[in-house]
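What TrEMBL records for this protein:
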type     : residues : note
REGION   : 1-103    : region 'Disordered'
COMPBIAS : 26-45    : compositional bias 'Low complexity'
COMPBIAS : 93-103   : compositional bias 'Basic and acidic residues'
TRANSMEM : 121-141  : transmembrane segment
TRANSMEM : 161-179  : transmembrane segment
TRANSMEM : 186-206  : transmembrane segment
TRANSMEM : 212-235  : transmembrane segment
TRANSMEM : 247-267  : transmembrane segment
TRANSMEM : 279-299  : transmembrane segment
DOMAIN   : 325-513  : domain 'Major facilitator superfamily (MFS) profile'
TRANSMEM : 326-352  : transmembrane segment
TRANSMEM : 364-382  : transmembrane segment
TRANSMEM : 389-410  : transmembrane segment
TRANSMEM : 416-439  : transmembrane segment
TRANSMEM : 451-473  : transmembrane segment
TRANSMEM : 479-499  : transmembrane segment
Amino acid sequence: MPPPRESHVTTTTGDAGVSAPYGVTNSSSSSSPPHHRSNNSSSDSTLDVPIADGEKTSPTDSASSSDTEPEVEPVRVASRRTIPDANHYGPTTEKDPELELERSPSAATTIDFPEGGVTGWLVVFGSFCAMLSLYGLINSAAVFESYFSTHQLKDNSPSEIGWIFSLYLFIVFFVGVQVGPIFDRYGARLIVAVGCLLITLSLLLLSWCTEYYQIILTYSVMGGLGGALLNCPAYGSIAHFFNVRRGFATGIASTAGGIGGVIFPIVLRELLPTIGFNWSSRVLALIMLGLAIPANLFIKTRLPPAKGEKVQSVWPDFSVFKDARFACAALGVFFMEWGLFVPLTYIVSYAVDHGQDATESYLLLSYLNAGSVLGRVLPGILADKIGRFNVIIITIAICLITGLALWLPAGHSNSMLIAYAVLFGFGSGSNIGLVPVCLGQLCDHRKFGRLFSTAMMVASFGTLSSVPIGGALLSGSGWTAVILFSSISYAVALAFYTATRVLAVGWNPLTVF
(Lines of atoms letter the chains of each structure in order from A and count residues from 1; the text may use other names and numbers.)
(Lines give C-alpha, C1' and ligand atoms only; values in the text may rest on other atoms or scores of the structure.)
Protein backbone atom coordinates (compact mmCIF):
# COMPACT_ATOMS: atom_id res chain seq x y z
CA MET A 1 0.00 0.00 0.00
CA PRO A 2 1.56 3.36 -0.97
CA PRO A 3 2.32 5.83 1.81
CA PRO A 4 -0.35 8.46 2.44
CA ARG A 5 0.02 11.72 0.52
CA GLU A 6 1.13 14.70 2.63
CA SER A 7 -0.65 17.99 2.90
CA HIS A 8 0.01 20.95 5.19
CA VAL A 9 -1.53 22.58 8.20
CA THR A 10 -0.97 26.32 8.39
CA THR A 11 -1.66 28.20 11.62
CA THR A 12 -1.15 31.92 11.77
CA THR A 13 -1.60 34.74 14.21
CA GLY A 14 0.38 37.74 15.37
CA ASP A 15 1.62 40.99 13.94
CA ALA A 16 1.96 41.03 10.20
CA GLY A 17 5.42 41.67 8.94
CA VAL A 18 7.35 40.86 12.11
CA SER A 19 10.11 38.43 11.23
CA ALA A 20 11.55 36.30 13.99
CA PRO A 21 15.08 34.89 13.68
CA TYR A 22 15.14 31.95 11.34
CA GLY A 23 14.04 28.83 13.13
CA VAL A 24 12.36 30.66 16.03
CA THR A 25 8.67 31.09 16.63
CA ASN A 26 6.87 32.89 19.39
CA SER A 27 3.96 30.66 20.18
CA SER A 28 2.85 30.24 23.72
CA SER A 29 0.57 27.39 22.70
CA SER A 30 2.60 25.63 20.07
CA SER A 31 3.57 22.79 22.38
CA SER A 32 0.21 21.23 21.57
CA PRO A 33 0.02 19.17 18.39
CA PRO A 34 -1.13 21.30 15.47
CA HIS A 35 -4.47 19.48 15.07
CA HIS A 36 -5.37 20.32 18.68
CA ARG A 37 -4.73 24.04 18.35
CA SER A 38 -7.63 26.11 19.65
CA ASN A 39 -8.81 29.59 18.85
CA ASN A 40 -7.14 31.16 21.86
CA SER A 41 -3.62 30.66 20.54
CA SER A 42 -1.20 33.52 20.99
CA SER A 43 1.24 32.43 18.33
CA ASP A 44 3.26 35.17 16.64
CA SER A 45 4.34 33.20 13.60
CA THR A 46 3.30 30.52 11.17
CA LEU A 47 3.81 26.78 11.53
CA ASP A 48 3.88 24.50 8.49
CA VAL A 49 3.45 20.85 9.48
CA PRO A 50 3.11 17.94 7.06
CA ILE A 51 0.26 15.55 7.93
CA ALA A 52 -1.22 12.49 6.30
CA ASP A 53 -4.46 12.28 4.34
CA GLY A 54 -7.51 11.84 6.51
CA GLU A 55 -6.31 14.33 9.10
CA LYS A 56 -7.46 17.93 9.17
CA THR A 57 -5.83 20.16 6.61
CA SER A 58 -6.53 23.62 7.98
CA PRO A 59 -7.85 25.21 11.15
CA THR A 60 -11.18 25.99 9.50
CA ASP A 61 -11.53 22.48 8.10
CA SER A 62 -10.76 21.02 11.51
CA ALA A 63 -13.49 23.06 13.10
CA SER A 64 -16.09 21.82 10.63
CA SER A 65 -15.08 18.17 10.98
CA SER A 66 -15.49 17.91 14.74
CA ASP A 67 -18.43 18.75 16.98
CA THR A 68 -16.26 18.81 20.08
CA GLU A 69 -13.91 21.58 19.04
CA PRO A 70 -14.82 25.26 18.82
CA GLU A 71 -14.87 27.01 15.50
CA VAL A 72 -11.56 28.66 14.60
CA GLU A 73 -11.90 31.98 12.86
CA PRO A 74 -9.63 32.71 9.89
CA VAL A 75 -6.75 34.99 10.78
CA ARG A 76 -4.32 37.11 8.83
CA VAL A 77 -1.05 35.51 7.68
CA ALA A 78 2.00 37.16 9.22
CA SER A 79 4.75 34.94 7.90
CA ARG A 80 5.23 31.40 6.68
CA ARG A 81 7.98 29.12 7.95
CA THR A 82 8.79 25.44 7.93
CA ILE A 83 10.01 23.85 11.12
CA PRO A 84 13.82 23.82 11.31
CA ASP A 85 15.77 20.82 12.48
CA ALA A 86 17.87 21.89 15.47
CA ASN A 87 20.93 20.25 13.94
CA HIS A 88 20.67 22.07 10.59
CA TYR A 89 20.84 25.69 9.52
CA GLY A 90 18.03 25.56 6.99
CA PRO A 91 14.52 24.12 6.95
CA THR A 92 13.89 20.41 6.75
CA THR A 93 10.85 18.21 6.37
CA GLU A 94 12.56 14.85 6.76
CA LYS A 95 11.42 14.33 10.37
CA ASP A 96 7.87 14.07 11.61
CA PRO A 97 7.29 17.48 13.27
CA GLU A 98 4.52 16.21 15.55
CA LEU A 99 6.78 13.47 16.87
CA GLU A 100 9.58 16.00 17.37
CA LEU A 101 7.26 18.24 19.36
CA GLU A 102 6.33 15.39 21.68
CA ARG A 103 9.86 14.25 22.45
CA SER A 104 11.82 17.52 22.28
CA PRO A 105 10.57 20.29 24.56
CA SER A 106 13.32 22.58 23.30
CA ALA A 107 12.17 22.39 19.69
CA ALA A 108 11.84 25.78 18.06
CA THR A 109 8.07 25.50 17.82
CA THR A 110 7.56 25.04 21.58
CA ILE A 111 9.50 28.08 22.76
CA ASP A 112 7.74 31.03 24.36
CA PHE A 113 9.82 34.18 24.90
CA PRO A 114 9.05 36.44 27.88
CA GLU A 115 9.67 39.57 25.75
CA GLY A 116 10.55 41.49 28.92
CA GLY A 117 9.62 41.13 32.55
CA VAL A 118 11.89 41.94 35.49
CA THR A 119 14.35 39.16 34.72
CA GLY A 120 14.48 39.93 31.01
CA TRP A 121 15.20 43.63 31.51
CA LEU A 122 17.78 42.87 34.22
CA VAL A 123 19.55 40.70 31.64
CA VAL A 124 19.50 43.70 29.28
CA PHE A 125 20.99 45.86 32.06
CA GLY A 126 23.72 43.29 32.75
CA SER A 127 24.51 43.16 29.04
CA PHE A 128 24.60 46.96 29.00
CA CYS A 129 27.28 46.97 31.70
CA ALA A 130 29.35 44.33 29.91
CA MET A 131 29.15 46.24 26.63
CA LEU A 132 30.07 49.47 28.41
CA SER A 133 33.30 47.79 29.54
CA LEU A 134 34.08 46.37 26.11
CA TYR A 135 32.76 48.82 23.51
CA GLY A 136 33.27 51.89 25.68
CA LEU A 137 37.01 51.23 25.44
CA ILE A 138 36.82 50.37 21.74
CA ASN A 139 34.98 53.62 21.02
CA SER A 140 37.60 55.56 22.99
CA ALA A 141 40.54 54.13 21.02
CA ALA A 142 41.19 57.47 19.28
CA VAL A 143 42.10 59.03 22.64
CA PHE A 144 44.67 56.33 23.35
CA GLU A 145 46.00 56.49 19.77
CA SER A 146 46.48 60.25 19.96
CA TYR A 147 48.13 60.06 23.39
CA PHE A 148 50.44 57.15 22.54
CA SER A 149 51.58 58.85 19.32
CA THR A 150 52.71 61.96 21.22
CA HIS A 151 54.06 60.35 24.41
CA GLN A 152 55.13 56.72 24.99
CA LEU A 153 55.26 55.78 21.29
CA LYS A 154 56.17 59.09 19.64
CA ASP A 155 59.03 57.40 17.78
CA ASN A 156 56.77 54.69 16.29
CA SER A 157 54.98 55.02 12.93
CA PRO A 158 51.17 55.41 12.67
CA SER A 159 50.95 51.90 11.20
CA GLU A 160 52.87 50.39 14.13
CA ILE A 161 50.64 52.17 16.63
CA GLY A 162 47.61 51.02 14.66
CA TRP A 163 48.53 47.39 15.29
CA ILE A 164 47.85 47.93 19.02
CA PHE A 165 44.17 48.60 18.39
CA SER A 166 43.69 46.23 15.47
CA LEU A 167 45.19 43.33 17.46
CA TYR A 168 42.85 44.15 20.36
CA LEU A 169 39.83 44.02 18.05
CA PHE A 170 41.07 40.89 16.28
CA ILE A 171 41.38 38.99 19.56
CA VAL A 172 37.93 40.18 20.71
CA PHE A 173 36.24 38.76 17.62
CA PHE A 174 38.48 35.82 16.72
CA VAL A 175 38.62 34.28 20.20
CA GLY A 176 34.85 34.74 20.28
CA VAL A 177 34.70 31.76 17.89
CA GLN A 178 35.77 29.57 20.80
CA VAL A 179 33.57 31.38 23.32
CA GLY A 180 30.32 30.99 21.35
CA PRO A 181 29.76 27.22 21.60
CA ILE A 182 30.88 27.18 25.24
CA PHE A 183 28.28 29.85 26.00
CA ASP A 184 25.65 27.86 24.08
CA ARG A 185 26.30 24.79 26.21
CA TYR A 186 27.28 26.02 29.68
CA GLY A 187 25.83 29.52 29.93
CA ALA A 188 27.40 32.85 30.81
CA ARG A 189 28.39 32.80 34.48
CA LEU A 190 32.08 31.77 34.44
CA ILE A 191 32.76 33.33 31.03
CA VAL A 192 31.56 36.77 32.13
CA ALA A 193 33.46 36.62 35.44
CA VAL A 194 36.80 35.87 33.78
CA GLY A 195 36.18 38.45 31.06
CA CYS A 196 35.51 41.24 33.55
CA LEU A 197 38.63 40.30 35.54
CA LEU A 198 40.89 40.40 32.47
CA ILE A 199 39.63 43.80 31.27
CA THR A 200 40.14 45.31 34.73
CA LEU A 201 43.65 43.87 35.06
CA SER A 202 44.63 45.00 31.57
CA LEU A 203 43.95 48.67 32.38
CA LEU A 204 45.62 48.37 35.78
CA LEU A 205 48.80 46.92 34.25
CA LEU A 206 48.68 49.41 31.36
CA SER A 207 49.31 52.20 33.86
CA TRP A 208 52.90 50.96 34.30
CA CYS A 209 53.64 50.39 30.58
CA THR A 210 56.16 52.53 28.72
CA GLU A 211 57.34 50.23 25.90
CA TYR A 212 55.59 49.14 22.72
CA TYR A 213 55.64 45.40 23.56
CA GLN A 214 54.29 46.06 27.05
CA ILE A 215 51.29 47.95 25.67
CA ILE A 216 50.69 45.14 23.14
CA LEU A 217 50.66 42.50 25.90
CA THR A 218 48.43 44.38 28.35
CA TYR A 219 46.05 46.50 26.27
CA SER A 220 45.85 44.33 23.14
CA VAL A 221 46.26 40.73 24.32
CA MET A 222 44.91 40.72 27.88
CA GLY A 223 42.23 43.32 27.20
CA GLY A 224 41.27 41.61 23.95
CA LEU A 225 40.85 38.24 25.68
CA GLY A 226 38.62 39.85 28.30
CA GLY A 227 36.53 41.51 25.62
CA ALA A 228 36.18 38.23 23.71
CA LEU A 229 34.75 36.55 26.80
CA LEU A 230 32.19 39.33 27.30
CA ASN A 231 31.07 39.91 23.72
CA CYS A 232 29.10 36.74 22.93
CA PRO A 233 27.31 36.40 26.33
CA ALA A 234 26.33 40.08 26.28
CA TYR A 235 24.49 39.64 22.98
CA GLY A 236 23.51 35.98 23.28
CA SER A 237 21.79 36.24 26.66
CA ILE A 238 19.31 38.79 25.25
CA ALA A 239 18.32 36.25 22.58
CA HIS A 240 17.15 33.92 25.38
CA PHE A 241 14.56 36.42 26.65
CA PHE A 242 13.48 38.41 23.59
CA ASN A 243 12.35 37.49 20.10
CA VAL A 244 9.85 39.92 18.56
CA ARG A 245 11.38 42.79 20.57
CA ARG A 246 14.95 41.56 20.22
CA GLY A 247 16.02 44.45 18.00
CA PHE A 248 14.75 46.96 20.56
CA ALA A 249 16.28 45.13 23.56
CA THR A 250 19.63 44.67 21.81
CA GLY A 251 19.58 48.33 20.78
CA ILE A 252 19.06 49.39 24.39
CA ALA A 253 21.97 47.28 25.61
CA SER A 254 24.29 48.30 22.80
CA THR A 255 23.84 52.01 23.61
CA ALA A 256 26.46 51.23 26.26
CA GLY A 257 29.21 51.42 23.67
CA GLY A 258 28.14 54.90 22.62
CA ILE A 259 27.63 56.07 26.20
CA GLY A 260 31.07 54.76 27.15
CA GLY A 261 32.49 56.47 24.08
CA VAL A 262 31.00 59.76 25.31
CA ILE A 263 32.00 59.43 28.96
CA PHE A 264 35.49 57.91 28.74
CA PRO A 265 36.98 60.57 26.40
CA ILE A 266 35.57 63.33 28.64
CA VAL A 267 36.99 61.60 31.73
CA LEU A 268 40.40 61.22 30.07
CA ARG A 269 40.27 64.82 28.81
CA GLU A 270 39.97 65.96 32.42
CA LEU A 271 42.29 63.42 34.03
CA LEU A 272 45.25 63.23 31.65
CA PRO A 273 46.42 66.84 32.09
CA THR A 274 45.94 66.73 35.88
CA ILE A 275 46.91 63.29 37.22
CA GLY A 276 48.74 61.84 34.21
CA PHE A 277 48.34 58.67 32.19
CA ASN A 278 49.23 56.21 34.97
CA TRP A 279 46.49 57.23 37.39
CA SER A 280 44.02 57.84 34.58
CA SER A 281 44.36 54.17 33.59
CA ARG A 282 43.84 53.11 37.20
CA VAL A 283 40.66 55.18 37.42
CA LEU A 284 39.36 53.42 34.30
CA ALA A 285 40.24 50.06 35.87
CA LEU A 286 38.18 50.98 38.95
CA ILE A 287 35.23 51.90 36.71
CA MET A 288 35.50 48.51 34.97
CA LEU A 289 35.50 46.77 38.35
CA GLY A 290 32.27 48.55 39.27
CA LEU A 291 30.63 47.57 35.97
CA ALA A 292 31.63 43.95 36.53
CA ILE A 293 29.25 43.59 39.49
CA PRO A 294 25.89 43.98 37.65
CA ALA A 295 27.29 42.19 34.59
CA ASN A 296 28.02 39.10 36.69
CA LEU A 297 24.79 39.30 38.65
CA PHE A 298 22.32 39.68 35.80
CA ILE A 299 23.69 38.12 32.58
CA LYS A 300 22.19 34.63 32.36
CA THR A 301 20.67 32.14 29.94
CA ARG A 302 17.18 30.61 29.97
CA LEU A 303 16.79 28.17 27.07
CA PRO A 304 18.35 24.70 27.14
CA PRO A 305 20.72 23.61 24.37
CA ALA A 306 19.31 21.46 21.58
CA LYS A 307 18.32 18.17 23.20
CA GLY A 308 20.92 15.41 23.24
CA GLU A 309 23.72 17.61 21.91
CA LYS A 310 27.24 17.49 23.25
CA VAL A 311 29.45 20.56 23.43
CA GLN A 312 29.81 21.95 19.95
CA SER A 313 33.24 22.29 18.41
CA VAL A 314 35.07 25.44 19.43
CA TRP A 315 36.27 25.92 15.86
CA PRO A 316 34.39 27.92 13.23
CA ASP A 317 31.49 26.12 11.60
CA PHE A 318 32.23 26.84 7.96
CA SER A 319 29.30 24.70 6.83
CA VAL A 320 27.03 27.66 7.56
CA PHE A 321 28.58 29.45 4.58
CA LYS A 322 26.78 26.99 2.31
CA ASP A 323 23.84 29.29 2.95
CA ALA A 324 24.55 32.12 0.48
CA ARG A 325 22.54 34.55 2.60
CA PHE A 326 24.66 33.99 5.69
CA ALA A 327 27.87 34.09 3.64
CA CYS A 328 26.95 37.47 2.12
CA ALA A 329 25.96 38.85 5.53
CA ALA A 330 29.26 37.72 7.08
CA LEU A 331 31.25 39.34 4.26
CA GLY A 332 29.18 42.47 4.76
CA VAL A 333 30.27 42.52 8.41
CA PHE A 334 33.92 42.15 7.30
CA PHE A 335 33.87 45.21 5.06
CA MET A 336 31.76 47.19 7.51
CA GLU A 337 34.40 46.61 10.20
CA TRP A 338 37.08 47.55 7.66
CA GLY A 339 35.45 50.94 7.19
CA LEU A 340 34.28 51.51 10.77
CA PHE A 341 37.47 51.48 12.82
CA VAL A 342 39.46 53.86 10.61
CA PRO A 343 37.45 56.96 11.64
CA LEU A 344 36.99 55.65 15.19
CA THR A 345 40.76 55.41 15.57
CA TYR A 346 42.00 58.38 13.57
CA ILE A 347 39.41 61.15 13.83
CA VAL A 348 41.20 62.82 16.78
CA SER A 349 44.56 62.73 14.99
CA TYR A 350 42.87 64.15 11.86
CA ALA A 351 41.58 67.11 13.88
CA VAL A 352 44.99 67.71 15.45
CA ASP A 353 46.70 67.62 12.05
CA HIS A 354 44.22 70.25 10.86
CA GLY A 355 44.93 72.78 13.58
CA GLN A 356 42.77 71.79 16.56
CA ASP A 357 44.07 71.48 20.11
CA ALA A 358 44.87 67.87 21.02
CA THR A 359 42.90 67.85 24.28
CA GLU A 360 39.89 69.64 22.79
CA SER A 361 39.88 67.18 19.87
CA TYR A 362 38.85 64.44 22.31
CA LEU A 363 35.38 66.03 22.24
CA LEU A 364 34.98 64.95 18.60
CA LEU A 365 34.95 61.38 19.81
CA SER A 366 32.27 62.27 22.36
CA TYR A 367 30.14 63.83 19.60
CA LEU A 368 30.57 60.72 17.47
CA ASN A 369 29.56 58.42 20.30
CA ALA A 370 26.63 60.63 21.30
CA GLY A 371 25.29 60.10 17.78
CA SER A 372 26.02 56.41 18.22
CA VAL A 373 23.74 56.22 21.28
CA LEU A 374 20.79 57.47 19.24
CA GLY A 375 21.82 55.18 16.39
CA ARG A 376 21.62 52.12 18.60
CA VAL A 377 18.14 52.86 19.99
CA LEU A 378 16.01 54.52 17.31
CA PRO A 379 16.90 52.22 14.38
CA GLY A 380 16.50 49.23 16.71
CA ILE A 381 12.89 50.22 17.37
CA LEU A 382 12.32 50.86 13.67
CA ALA A 383 13.97 47.56 12.72
CA ASP A 384 11.39 45.53 14.63
CA LYS A 385 8.67 47.21 12.57
CA ILE A 386 10.02 47.53 9.02
CA GLY A 387 12.73 44.86 9.04
CA ARG A 388 16.22 44.55 10.44
CA PHE A 389 18.02 44.16 7.11
CA ASN A 390 16.05 47.05 5.65
CA VAL A 391 17.27 49.36 8.42
CA ILE A 392 20.92 48.25 8.42
CA ILE A 393 21.12 48.83 4.65
CA ILE A 394 19.90 52.42 5.18
CA THR A 395 22.38 53.11 8.00
CA ILE A 396 25.34 51.68 6.08
CA ALA A 397 24.42 54.06 3.27
CA ILE A 398 24.47 56.93 5.81
CA CYS A 399 28.06 56.02 6.78
CA LEU A 400 29.11 55.94 3.13
CA ILE A 401 27.50 59.28 2.25
CA THR A 402 28.78 61.17 5.30
CA GLY A 403 32.35 60.01 4.69
CA LEU A 404 32.37 61.33 1.14
CA ALA A 405 30.21 64.42 1.67
CA LEU A 406 31.47 65.65 5.07
CA TRP A 407 34.75 64.08 6.19
CA LEU A 408 36.53 64.17 2.83
CA PRO A 409 36.09 67.94 2.26
CA ALA A 410 36.16 68.94 5.96
CA GLY A 411 39.78 70.08 6.23
CA HIS A 412 40.05 72.81 8.89
CA SER A 413 36.26 73.21 9.23
CA ASN A 414 35.39 72.31 12.79
CA SER A 415 31.64 72.50 12.09
CA MET A 416 31.86 69.97 9.26
CA LEU A 417 33.89 67.63 11.46
CA ILE A 418 31.30 67.84 14.23
CA ALA A 419 28.48 67.21 11.75
CA TYR A 420 30.36 64.22 10.34
CA ALA A 421 31.07 62.84 13.80
CA VAL A 422 27.41 62.99 14.87
CA LEU A 423 25.92 61.59 11.64
CA PHE A 424 28.57 58.91 11.22
CA GLY A 425 28.13 57.96 14.87
CA PHE A 426 24.39 57.56 14.31
CA GLY A 427 24.87 55.30 11.28
CA SER A 428 27.75 53.22 12.66
CA GLY A 429 26.05 52.79 16.04
CA SER A 430 23.03 51.31 14.32
CA ASN A 431 25.27 48.98 12.30
CA ILE A 432 26.91 47.58 15.40
CA GLY A 433 23.63 47.12 17.23
CA LEU A 434 21.82 45.44 14.33
CA VAL A 435 24.51 42.98 13.20
CA PRO A 436 23.68 40.34 15.88
CA VAL A 437 19.92 40.46 15.26
CA CYS A 438 20.40 40.38 11.49
CA LEU A 439 22.61 37.29 11.75
CA GLY A 440 20.18 35.74 14.24
CA GLN A 441 17.44 36.14 11.66
CA LEU A 442 19.33 33.70 9.41
CA CYS A 443 19.92 30.85 11.90
CA ASP A 444 18.41 28.71 14.66
CA HIS A 445 18.65 30.58 17.98
CA ARG A 446 20.15 27.51 19.71
CA LYS A 447 23.09 27.71 17.30
CA PHE A 448 23.35 31.48 17.61
CA GLY A 449 26.47 31.60 19.81
CA ARG A 450 28.59 29.51 17.49
CA LEU A 451 27.26 31.01 14.25
CA PHE A 452 27.55 34.59 15.51
CA SER A 453 31.10 33.86 16.59
CA THR A 454 31.87 32.33 13.18
CA ALA A 455 30.70 35.51 11.47
CA MET A 456 32.71 37.61 13.91
CA MET A 457 35.76 35.46 13.15
CA VAL A 458 35.47 36.59 9.53
CA ALA A 459 35.05 40.18 10.70
CA SER A 460 38.08 39.89 12.97
CA PHE A 461 40.40 39.77 9.97
CA GLY A 462 38.87 43.06 8.86
CA THR A 463 39.56 44.67 12.22
CA LEU A 464 43.07 43.19 12.29
CA SER A 465 44.03 44.80 9.00
CA SER A 466 41.92 47.98 8.79
CA VAL A 467 43.75 50.27 11.24
CA PRO A 468 47.30 49.32 10.09
CA ILE A 469 46.20 49.80 6.46
CA GLY A 470 44.83 53.20 7.43
CA GLY A 471 48.11 54.05 9.15
CA ALA A 472 50.14 52.96 6.14
CA LEU A 473 47.94 55.02 3.81
CA LEU A 474 48.31 58.01 6.13
CA SER A 475 52.11 57.77 6.06
CA GLY A 476 52.29 57.22 2.31
CA SER A 477 49.40 59.14 0.72
CA GLY A 478 47.80 61.34 3.37
CA TRP A 479 44.30 61.76 4.76
CA THR A 480 42.44 61.63 1.44
CA ALA A 481 43.54 58.04 0.90
CA VAL A 482 42.49 57.11 4.46
CA ILE A 483 39.00 58.58 4.01
CA LEU A 484 38.50 56.95 0.60
CA PHE A 485 39.59 53.58 2.01
CA SER A 486 36.92 53.80 4.74
CA SER A 487 34.21 54.97 2.31
CA ILE A 488 34.91 52.29 -0.31
CA SER A 489 34.78 49.64 2.42
CA TYR A 490 31.29 50.83 3.35
CA ALA A 491 30.24 50.73 -0.31
CA VAL A 492 31.24 47.06 -0.55
CA ALA A 493 29.49 46.28 2.76
CA LEU A 494 26.34 47.92 1.39
CA ALA A 495 26.49 45.70 -1.70
CA PHE A 496 26.79 42.50 0.38
CA TYR A 497 23.93 43.35 2.74
CA THR A 498 21.73 44.24 -0.21
CA ALA A 499 22.62 40.89 -1.82
CA THR A 500 21.65 39.08 1.41
CA ARG A 501 18.25 40.75 1.41
CA VAL A 502 17.64 40.01 -2.27
CA LEU A 503 18.57 36.35 -1.80
CA ALA A 504 16.19 36.10 1.15
CA VAL A 505 13.09 38.00 0.03
CA GLY A 506 13.70 39.38 -3.46
CA TRP A 507 13.88 42.92 -4.82
CA ASN A 508 10.63 44.36 -3.46
CA PRO A 509 11.74 47.26 -1.19
CA LEU A 510 8.46 47.12 0.75
CA THR A 511 9.01 43.57 2.00
CA VAL A 512 9.67 43.49 5.74
CA PHE A 513 12.94 41.65 6.39
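Keep in mind that glycine also has a Cβ here, set from the backbone N, Cα and C atoms.
Unlike curated records, TrEMBL annotations are generated automatically.
The transmembrane segment (186-206) shares the most Cβ pairs under 8 Å with 121-141, out of the stretches 121-141, 247-267, 364-382, 416-439, 451-473.
Across 279-299, 326-352, 364-382, 389-410, 451-473, stretch 279-299 shows the highest tally of CB pairs under 8 A with the transmembrane segment (121-141). Tertiary proximity for the transmembrane segment (389-410) is limited to same-chain residues at least six positions away from its ends with a CB under 8 Å from its CB atoms, namely 336, 339-340, 343, 354, 375, 379, 382-383, 416-417, 419-420, 423-424, 426-428, 430-431, 434-435, 438, 441, 480, 483-484, 486-487, 490-491, 493-494, 497-498, 500-501, 504, 509, 512-513. Scored on C-beta pairs under 8 angstroms, the neighbour of the transmembrane segment (326-352) with the top count among 364-382, 416-439, 451-473 is 451-473.
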